[in-house]
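Asker: I am attaching a structure below and will ask some questions about it afterwards.
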Amino acid sequence: MFMCMANIGNVDAAFSNLTTIPFNQGYSPLFGDGNLVRSPDGKGVRLLLDRFTGSGFISSNLYNHGFFSANIKLPSDYTAGICVAFYTSNADVFEKSHDELDIEFLGNTEGKPWRFQTNIYGNGSTNRGREERYRLWFDPTRDFHRYSILWTPQITVFYVDDVPIREVVRREEMGGDYPSKPMSLYATIWDASNWATSGGKYKVNYKYAPFVAEFKDLVLDGCPADPIQQIPAAEACAEKNALLATQDYSVITPQRRAAMRRFRLRYMYYSYCYDSLRYPVPPPECVTIAAEKARFKDTGRLKFGGSHKRQSKRRTRNRNRVLPDSDVTPY
């Protein structure tokens, strides 16, 4: 089922020299303390979901831009209804105008692969979801793979290993829809039975519990910021943000851009930019690529196979968002 994609991954060795930190130096439990198990070396954690609770952790600081990364291994076998999320947010501070950058892994029935989606919100723009959905070219349950979010004042880039899979360039027309306020880093595993698999058709089956997601080699490279400080975060973090922009992972080289193009042509199966029923006029950050657009119907889904419906769901920590259904058969 998983194709050999040597020309997708292993673009370069840029991510082999990242500075990681022990869990206790940068993070703390968020919920489900008993289901958060620290590794013996202190460099990682296991997040468990059982019939009583999920679990999660949060960064000790909020950051005004940064690079957030972890090696993650997902639960195997029957994982329908499960969502494993790695994301930044400030919803606890700005309840009605929060910013958010998401990587969400969506479980499946036994024998079918995990899928995942990325999303971006600014200033509470949850009614203008900017989600994309993808398959992977490997089995994310067999070994650890690195997933990363780069967030700068100019661009946001999502990475799988060293492959950039999505780039959002800030444009003036986006206004407050581009995240700009300090955010924390979160990682969670939780029961999303009402939407995650086939629009809620397949629920979490706790016969297979506990479900375990593993996180290690954690990276927090950004400017810690107080969201209510008197000095604007942009001023306080100007030097750190300038340094962030010079890091190797902040530069999309021609080789990386070619790898991103190959990934999106082969593994992206929904993009809001090509969903003309939802957005007759594409949002301002969308860049139409003819080869990508040719693969999709006006619903933003692939021309061959799959389904796309709108379904509301409740995110962890009681936050509502409206997302299209994620049940697409990407073959």
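Keep in mind that glycine also has a Cβ here, set from the backbone N, Cα and C atoms.
Straight from TrEMBL, here's the annotation block:
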DOMAIN    13-215  domain 'GH16'
ACT_SITE  GLU100  active site, nucleophile
ACT_SITE  GLU104  active site, proton donor
REGION    302-331  region 'Disordered'
COMPBIAS  306-320  compositional bias 'Basic residues'
Asker: May I ask which residues of the same chain, at least 6 positions away in sequence, place their Cβ under 8 angstroms from the Cβ of the residue listed as 'active site, proton donor'?
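Answerer: The residue listed as 'active site, proton donor' has long-range Cβ partners CYS83, VAL84, ALA85, PHE86, TYR87, PHE116, GLN117, THR118, ASN119.
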Asker: Including all protein chains displayed, how many Cβ atoms other than that of the residue listed as 'active site, nucleophile' lie within 10 Å of its Cβ?
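Answerer: I count 22 other Cβ atoms within 10 Å of it.
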